[in-house]
Structures are given as C-alpha cells and as structure tokens.
C-alpha cells in the first residue's frame, strides 16, 4: 500500500515489523514468504491470532469502553499480543533446546511444565533433536496435538526393517538418508520456517566452509534433517540455496543460547540433553597395545581398563568447540541452564518416549514450581520490563554525544509513519453517538468492511457513486468529520447500509 511504499524512503534506522493478523481459529499460516519477498525493508514478521473484538469496526467510544473493562483484569502473558509486545520492547523470552538423540524427548515434558507455570515462549530454536521438537511447538502451539505428533515420529524411528532397508555401501555414510528424510517430511510436509506461529531457528554445521549456519527461513524438514545428521550415519544434506553440505549442528553449537540472545531474546531458558563424556579414563602410559586391550576385555579376572576407541576419539574431537561454547552458556547472565536427569537413556532409545517425556516434565515442574513459590518468575518479568520514557531520556541526556545511540526506537518509526498522508480510501468511521451494538469480547466475528484502492469489491456490498440521499448530517457534524470520504459503508446487524458522507469542509 501507499504507506508501506513510503516506509522504504524513511531514513529512520528502526526495526520495521510486519504483523499478520489471523482469526483465533485460523489454520496454520501459508505462503508467508510471498509477503516478505516484496518488503525488503522488514526487520522481521509476526503471526498474531486475534480475539474476535480486534477484527471488528466499532465506534471509538465503545472501543474505549471495552478496553477499560479489559484493563481491569490481570494481563495474560500467554497471548500472541503479549508475545508481540515483549518483542517490540526487547523483553522476549526464548527457549533453546539442545541436541542429544532420544534424550531430547525430555524437551516435550519441559515445555508442558513451562506452560503449566505460565512461562511464555516468545521465541524457540535448537539443534538436532531440539530443532525438531522446537519446530513442532512453533507450528502447533496446542500441547495435546504437539505431544501426539512428537510421539508418532519417535515411535516411527524404532522400525528396524526400515533402517536395514536404508543401509548402503559406507562410502559417505552407513545409511542413504532416505528413510530419515521421509520420517521428517511426513511431519512437516512442505511447510516453511516463515509460516511458523512464533520466531524459530535451527543450527547446522556447514562443512563446505567450516562454519556454523543459522536457519530462520526456508524448508523446515530439510534444515531439521541437516541439523540431525550425524557424520558417518547420514550423508550431509545439500543446502537447496547454495549447495553447501550441512551436518549436525551439535558439532559447532549443541545448545545455541547465544544465537537466541543475538536474535533478540532478553532472557533464555536453555535445556541441555547432550551426552556426558566419561572422565574416568585409564592411564596406560606412553604407548598402547591393542592386543593388551583385547586381553583385558576378554579376561574375566583382569582389572577393567577404560580407553576410548577410534570412534569415540573422533567424536570427542568433533565436539571440542561445542563443549567450550557450552561453558560460555552456563556462565552467561542472560541464560538459565537446565539439565534434566536423562543420562540413563541411550542416544537411539526412541522406544522409551513416555518415560523420557515424563522425566523432563517432572524435572521442569519441580524446578519451575520452586521458582514460582520463591517469586523468581515474577522477578524475571519485572526485570524484563523496558525502561520508561523518562528513564530513557535521562540516560541519553547524561551520555556524551559520541556515545548517543544511533539506532532509533520503534516509537520513532511510528512517529514518522503517522506523518504520512493517508491514502484516499473508502472506509467508515463511526461516531460516539452512532447506534452500533454494544461491544462484547465474546461476540461472533464480523468481517470489517474495508474497501482499499486496488482491491475489487463484492457486488453485494458495492457502494453507490450516485447522488442518492441515504442519510444527512448537520452542519456541525460536517465540520467534525471533515476527513470522511464521500461514500462510505457500514455493516449493521443482519443488513448492510450505505451512508452518504460529507465532503471536506
């Protein structure tokens, strides 16, 4: 529209957000990329499910009356508008889910515990199994359905015959990857990351240029498959964008809380389910004979010797940078590190779905309940509150000019947008004395009647361009409503009325 075109010429360096409104019972978004591709100036986008009252055209007086009643209630932290408010004020809460194979099923129970304790998840991301669980939650947002889909995928991973059928000559990997591809594609189909309800990312290891790659757009199932691809078991996935080879993100960052923080999360909950390397290795001296190790293992009376084999040595080398990054996350002040007691479960023990999920739930419930009783959760939200305008102005007055912030705030952008001349569209602005029905937040949804330039009207609601006098207004009212277009329309209960507006005075 005209206002959006003007945004491209505004020089204010502020975040520019696209907010896409949906009905509360709307299906999952689709084709979001089409909205984004024509708006290169966007910082990010948000899918917001609205209460019915938001999508109605009502008088200003009755809208004010409704919201005065709403403000008497405590705010609901879990709504989409609360998510948006926290994002715009820089107080978002992020959840990062680490990799660890079947142990990652504990993430399912952890999310349930967070929901029961009223902890919102504004952003979500992860590595390996954490990327899959995170995408499921970002797409579904209903715990019952979310848990069911996670369980179906987990049980499908226990099929021995499908794994045998997928075996191949081990040049690049033991398996072709076809079975694993089908299992993930069956969950997400052709969905894109941009279509998820909340901001999401996953991490992969780019072995073409030895870097970490963070994915915030594109095919969900492909990048999850790449983020879960263990070297030696599955072949690298070729990025459909540039053809680079991608492997498990756990090799570079198995718990990417730092990535979440860089994407705008004010506080991060990081759930670690990775394997713990055994520390009690044997001291065998300066040289090691494989025959001696073989004798020690076969001799039932010999003292056990713990020495890593070649596969384990390669694995430990691959995760060196990941271990260092994990220590940084544990010591950060923006992150709460959480590790459920899941060490007894093996990496491929997907058949123990229910037990692992319950373990994660009970650990999270115990932890978050203690925080809630101790007031730590309330303190978290208080600390996340943005500074007032007075505090911000005071801070900037006391800064030397060389340290003044160059990035404008979202409100600065809003101020610029408000100065843009409104396009000459056909719309209706009800007055306080109009006979609209009383607003109720539980009213049935009514489509607002908007006729914007460039959009074709339905014949049923077409406005008349003639001079028929449907209604008249007094001279005083004409002065007050000088901006109303000549012909406007308004939906009443059960019927449609055409009203003759007043020209600008």
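Just so you know, glycine gets a Cβ as well, placed from its N, Cα and C.
As annotated in TrEMBL, motif 'GXSXG' covers the listed stretch 126-130 rather than the other ranges in 116-120, 121-125, 126-130, 131-135. TrEMBL assigns the feature motif 'GXGXXG' to one of the listed ranges (93-98, 99-104, 105-110, 141-146), namely 99-104. If one looks beyond the motif 'GXGXXG' (99-104) by at least 6 residues along the same chain, the residues whose Cβ comes under 8 Å of a Cβ in the stretch are 126-133, 154, 227-228, 248-250, 254, 272-275, 342, 345-350, 352-353, 356. Helix, strand and coil residue tallies for the motif 'GXGXXG' (99-104), in that order: 4 helix, 0 strand, 2 coil [DSSP].
If you count neighbouring Cβ atoms within 10 Å for each of the active-site residues 128, 248, the highest count belongs to 128. In the motif 'GXSXG' (126-130), helix, strand and coil residues by DSSP number 2 helix, 2 strand, 1 coil.
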